[in-house]
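The annotation domain 'ABC transmembrane type-2' is assigned in TrEMBL to A:43-270. Per TrEMBL, the feature transmembrane segment maps to A:53-74, A:80-107, A:128-154, A:160-183, A:195-219, A:248-266.
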Amino acid sequence: MSVTEGDRVRPGARPRPVRSLYAGNARAVMSRGWRATRSTNWLVMLSGFFEPIFYLLAMGIGLGTLVGTVITASGREVEYAAFIAPALLAVAAMNGAIYDSTWNVFFKMQFAKLYEGMLSTSLGPLDVALGEILLALLRGALYAVGFQLVMQVLGLNLSWWALLALPAVLLIAFGFASLGMAITSYMKTFQQMDWINFVMLPMFLFSATFYPLTVYPVWLQQVIQALPLWHGVELVRGLTTGDVGWGMLWHVLYYAVMIAIGLVFTTRRLRVLFLD
Amino acid sequence: MKRYGGFAAVDGISFEVAPGESFGLLGPNGAGKSTTMRMVGAVSTRTAGELSILGLDPDAYGPEIRSQLGVVPQSDNLDTELRVRENLLVYGRYFGLPGRLVAKRADELLAFAQLEDKGKAKVDSLSGGMKRRLTIARALINDPRVLLLDEPTTGLDPQARHILWDRLFRLKEQGTTLLLTTHYMDEAEQLCDRLVVVDTGTIMAEGTPAELIRRYSSREVLEVRFGSDRNSEVAKRLEGIGDRMEVLPDRILVYSRDGEAELVRITEAGLHPITSLVRRSSLEDVFLRLTGRSLIE
């Protein structure tokens, strides 16, 4: 069958399969998200920002007076507040990224049919995936920057290395946004979405966030070390406490892989859902 | 051809649409219209067969093709998190068009869709007809060569439908190629130069509305009612009247060149219908003849 055969479009030089995945226009998807956030749900954004700050005040300052100091993984002794603050910084990045890339994406995919509309334009699935993930990353970054300012005010950045915590936090947000969207793209019901929360809460509480990993038996330590948040916590904690070593590159690598896996699966899934 | 597992949703639909033409796909629910539209829209790959849109194969040139198409899906998928005008702006940016051009076109299209004073309104506050017009305006933001409309007026009230038809007719006059699906026969007669009737994934008939009426129906239709329990009994006594007759539970349809003359013959035979109506034959008669009267679900 043929629709307006005579009216030929200038074809590109050759069919390039990558072009059908990516039109180099993730920016348009991001600017859409920015407009939508600005006009409708900026209040929701604020609540996510304050959550880790409340934890810091309650646990770090409040509980911290009882705890005193803590020994870090590499044997350094730091104030309790300075011990949990970097962990909460990583959590702030994670929360921001996860909020946008799971519930928001789920709604857009299942109810608003947003991606269906996007993919009937010249956008490709990778544009959509990248745009949404970068937007989620941006929110994570915003939370994290705010949180780190609070840390600075409270004197919890113990080293100049803390400046590098910012790019580290971007990496963490990217990783969670990417994986979060990939997982969400396979979800069909609210019940399935609840499983994400079910995983997130224990991961937040037990990933060496509030106490060193050494309190656990070895097998449990290994489980925690397989989860993404622990790598984020250790990376950021190393930087803000000035406890830096080459071993930290493993954490970076972990996130790089997480980002790649998330992008590949999200793109693949969007293609199957909307372009097959 | 499109298969989902073992089920062939579209099986041997073949047609050509010339530039500037307005072409309709008619068929009952589940006939394969929307699947065909998705394939033409380069968002669904075909299992087998040949497909060329604007001279290009959608498997290889999906983005190129989509950049030249305007798509009005069956259910509105407007961006409810954005305002009316923003919907046009953002959609234009999806095509990678420059912001200034998109802003200019957005204002033109708001005027075209008669939504000038709704630019800052929330999408959810619009009526069904307005949403539909906004969806059409959005589909035109990239100045497409072909506009795909999947059941453009389903669920709208008569006023809203007529406004929409007027807008679509204008596009047709401006030379936009229209490809639309519908199960409203009046819509097809209003808008389509040529159409195919589709059922169970295949083409039942093809032609201009007038041709199809001539080929599959008569010039006029006489509808007579004798009361639900008497219709079939009376029908036996009407043998030989009209070109063809169809007995429905509530009435008898007599297909003929001259409906009034047939009515005279019926009364002369001593039969007196409770009500009678002579009307011109429509695409609906063609459609029902081709796709049957049983409810397909």
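In case you wondered, yes, glycine gets a Cβ from its N, Cα and C as well.
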So if I exclude everything within five residues of the ends of the transmembrane segment (A:80-107), which remaining residues of that chain have a CB under 8 angstroms from its CBs? That is, six or more out.
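Distant contacts of the transmembrane segment (A:80-107): 33, 44, 48-49, 51-52, 55-56, 59-61, 63-64, 67-70, 72, 132-133, 135-137, 139-144, 146-148, 151, 154, 156, 158, 165, 169-170, 172-178, 180-181, 183-185, 187, 193, 196, 200, 204, 207-210, 229, 232-233, 235-237, 239-241.
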Can you name the far-off residues of the same chain, 6+ from the ends of the transmembrane segment (A:53-74), with a Cβ under 8 Å from a Cβ of it?
80-81, 83-85, 88, 91, 147, 150-151, 154, 156, 208, 210-214, 234, 237, 241, 243, 245
Most CB pairs under 8 Å with the transmembrane segment (A:248-266): which of A:128-154, A:160-183, A:195-219?
A:160-183
